[in-house]
């Protein structure tokens, strides 16, 4: 599905800005290869010719097309893929929050050892974003980028991905472990998830596999050997039946002192003695409205990695120190409008700093550059659409 949307993001009514294309399909073979790309090319060209300031959000594309189309269009059009970049941003915010929950600054993120279960579009999207985040914190050079790679162990349906893997997915290749590395760690090509967790002793176990129950009792027992003072479990697949484990399983098996996040809703866990194990649901709704609104108000013609990173870091910093130390790394969705405002302001600020901002309506690029942080937030707030309607029909007394 292609989604052109600004949702409730501007003073203009959202219906005027939204176009949803829901294709039930035809009794014909699905287009593929060059024919498929030609149709999407034609669509993108037509949409941006008709509506030059639109933002296109890609949603639910097959893995084999998600990255290819994202790379094809992102430098030319104002677009993003929510499954890849939105999911990644929310996951990065949670990962940074988990670092804070350990009592450490977010800058310590590059020291985290992360085992990732799942190498589809969502998993690779998170890996790419996490690697870029680490690289920025390490100096944003080639050696930093290569060094960040060593913090990830990726396991798919065939086990641990290494350079010995035949017919490896090109998108997963940058995260294939070197043979010498895994030999020293007592691992091998195709090692099972429980073997990898047992030997690596990760700080984070990140699930993006869409395989319900993948984090079995054996896997969670192995995580108890983590070298982290507060290991984090991210069971991010949804719907609920696809979650790698439940919150109750995680707290019961691994222990009270963990951070738990999921893509599906779970109740908090009563740990006894008045203590609560918090279930943090990571939902893309935390970011995509703010990303779209920030891109619109900045006037940027593209949505850069830096703008996406700014959105993720804003969400990660939204929680107070007391909240994260208590195990809460995502805010309540009841604050979604305030979150969207702050995220959008962070995106606008980053667009200005990257010299991508061209302005919006009466606020041109030069005026934008003069705004303080508080003024940017106020500018965003004034341009948010409020879903409030006057009473049109009154009942007789």
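Every residue, even glycine, has its Cβ placed from backbone N, Cα and C.
As written in TrEMBL, here are the features:
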- 59, 60, 83: divalent metal cation binding site (BINDING)
- 238, 283: (S)-malate binding site (BINDING)
- 84-352: domain 'Malic enzyme NAD-binding' (DOMAIN)
*Using Cβ-Cβ distances, find the residues under 8 Å from residue 283 ((S)-malate binding site) that belong to the same chain and are at least 6 apart in sequence, listing them in sequence order.*
90, 263, 330, 333
_Listed binding-site residues (59, 60, 83), ranked by Cβ neighbours within 10 Å, top entry_ = 83
*Could you round the CA separation between residue 59 (divalent metal cation binding site) and residue 238 ((S)-malate binding site) to a whole angstrom and send it over?*
15
*Roughly how many angstrom lie between the C-alpha atoms of residue 83 (divalent metal cation binding site) and residue 238 ((S)-malate binding site)?*
12
_Neighbour count, 10 Å Cβ-Cβ cut-off, for residue 238 ((S)-malate binding site): what number do you get?_
16
*Mean pLDDT over the domain 'Malic enzyme NAD-binding' (84-352): what is the value?*
94
*Would you mind reading off the Cα separation of residue 60 (divalent metal cation binding site) from residue 238 ((S)-malate binding site), to the nearest angstrom?*
13
